[in-house]
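A.B. asks: According to Swiss-Prot, the record shows the following:
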- Asn165: N-linked glycosylation site (CARBOHYD)
- Asn239: N-linked glycosylation site (CARBOHYD)
- Asn367: N-linked glycosylation site (CARBOHYD)
- 1-49: topological domain 'Cytoplasmic' (TOPO_DOM)
- 71-471: topological domain 'Extracellular' (TOPO_DOM)
- 493-535: topological domain 'Cytoplasmic' (TOPO_DOM)
- 50-70: transmembrane segment (TRANSMEM)
- 472-492: transmembrane segment (TRANSMEM)
Amino acid sequence: MGHQEELKPEQVDLKVTPFVGYLRRTWSDFCATSSIHGLKYTRDEDTNKIVHLVWLLISVVMFICAVVMARTFYMDYRSSPTRMNVESDNTPVNRLYFPPVTICPDVLFNMQKSEAFLNTLRLPKGAELRGILRKLHIFYGFMLDDERYSAEDIEQMEALLFLNNLTIPEFVEHLRWNCDEILYRCRFNGEIMDCSKIFQLSKTFFGHCCSFNLRQKGWVNNKLNNLESFKVFHLNSLNFTAQRAIGGLRYGLSVVVRYKDDNYDPLQSYSYGVKLLIQEADAFPSAHSAAKFIAFNSETFAAVRPQETFCSSAVKALIIEERNCVFQNEFPMRYFSDYVYPNCELNCRVTNMVKFCGCHTYFFDFNRTSDRICTFRDIPCLVDNFANIITRKKSTQCYCPLTCEHIDYDVQLTNFPLELNMPVADKFYSGLAKNDGVLHVFINSFSYRRLRRDLLSNMVTLVSNLGSAFSLFVGMSMLSVVEIIYYFSVILRKNYKLECETRSQMLHKKPKFAWPKANDTHSKEQKSVFIIHKS
């Protein structure tokens, strides 16, 4: 076993305490029999103390190296416990919904419609209709910081709202584009249909736009003609068409874009087309979307390549801190109902708006809070704090974890000049006019790539890595751990008993000493002698 069943008196060192004695003896027994490499040489009786010390230093250094490597394995496991694997490059594309498509006019308002509405309003003293129309560009102050606006213009627009008892959302509702004023003709899955059946008005960072297959919860408007009966009804969500994807141009989405605005002037508006935004169904259309410009007088083909990321059941079982990502229902936000990463960034932007200016812009209003909607008087604050609002500074940034499951879209454009008189049998091209734009959005393949977020290593692999580190440097295994526990519990207790019993026996067998009597003289000189009595 490597330890003695009984001790001889000469093996007991009375100069040390019993605790040190039995601990030293247990350590010697352990070094003599342990499977850990190098320890037996630290107690080898055939070598001197210098060799013992050298081997002890070597063993300590090797043990430290093993601990450092084991800690490295563990920290890697904790910091990046997952990895991405390609599940398949040939997943049928019909497993996905057709990508949400949002079309935004490149000018905020329909000027013909705006002029007609402003004619029905009371104008501030000294203001003219044309002047008010030119001042509508002040709305860009809610979005950008490109321009500073004069206090006179701001107060004049505020006076216009006050005189007509209007709020910013009510005012915008009568100026914005309707989808039938942007989209002339639509076709989906090879069938020509009314655009209003698949496109709906949506809110975006660029104002009001028209979206297909987008989930946007929180509002929908009631389209009424007169100001007195204007209302905004806050319902559950924008209707989600749930149209499935099919690969190929024939089964894609095609639209003819035409501005229904006689006052539209591309030179004056500095715009000659529309914006195309493609993003996840639950994402708020913004600069985080795959954004492309679709020019008029051209036919544009937008080939979309989707890529899906999903999680294995093992990753789903991890806590958020270990998988370093969240699912939609795990990270609630104040201003958006569904968590996707772009929504979190925008939620941070709205939070900063409220923090610095006490309000948020009208296109972020989804009836989820009672926060005030910004008016024209808030534009200087929004412009001055633009860097803070869009989180350019680290102090204003928010924590936004990655989403565990998401779909990314890569969009590639190809365009050609639009031929108006080209003879084709397709009725979709009939009636095209100058300044029209034709857009085709389609999945460019019948299959797509699917990525699986999986565990980089499970607990079994982690234990194996930890064991390999200790095995490499000190030759330890799980059996060595059992040995350590055994020796410093069972053997330590036995050595303790042996130490105590042996010391007790030595005390009972200790020689008896006595001083001689005072009148007992053995010599003329006074000497101290011991008289030993045999027992």
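Going from the start of the chain as shown, residues are counted 1 onward.
Backbone N, Cα and C define each Cβ position, glycine as well.
Help me picture where these features are in the structure shown.
C.D. replies: Secondary structure from DSSP puts Asn165 (N-linked glycosylation site) in coil. For Asn165 (N-linked glycosylation site), no same-chain residue lying six or more positions away in sequence has a CB closer than 8 A to its CB.
In the three-state DSSP classification, Asn367 (N-linked glycosylation site) falls within coil.
For the transmembrane segment (50-70), the list of distant contacts is 36-39, 41-44, 465-466, 469-470, 472-474, 476: same-chain residues at least six beyond its ends, Cβ to Cβ under 8 Å.
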A.B. asks: Inside 10 Å of the Cβ of Asn367 (N-linked glycosylation site), count up the other Cβ atoms and send me the figure.
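C.D. replies: Other Cβ atoms within 10 Å of Asn367 (N-linked glycosylation site): 12.
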A.B. asks: Six or more residues beyond either end and a Cβ under 8 Å away: which residues meet both conditions relative to the transmembrane segment (472-492)?
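C.D. replies: The answer is 1, 3, 22-23, 26, 29-30, 33-38, 59, 62-63, 65-66, 69.
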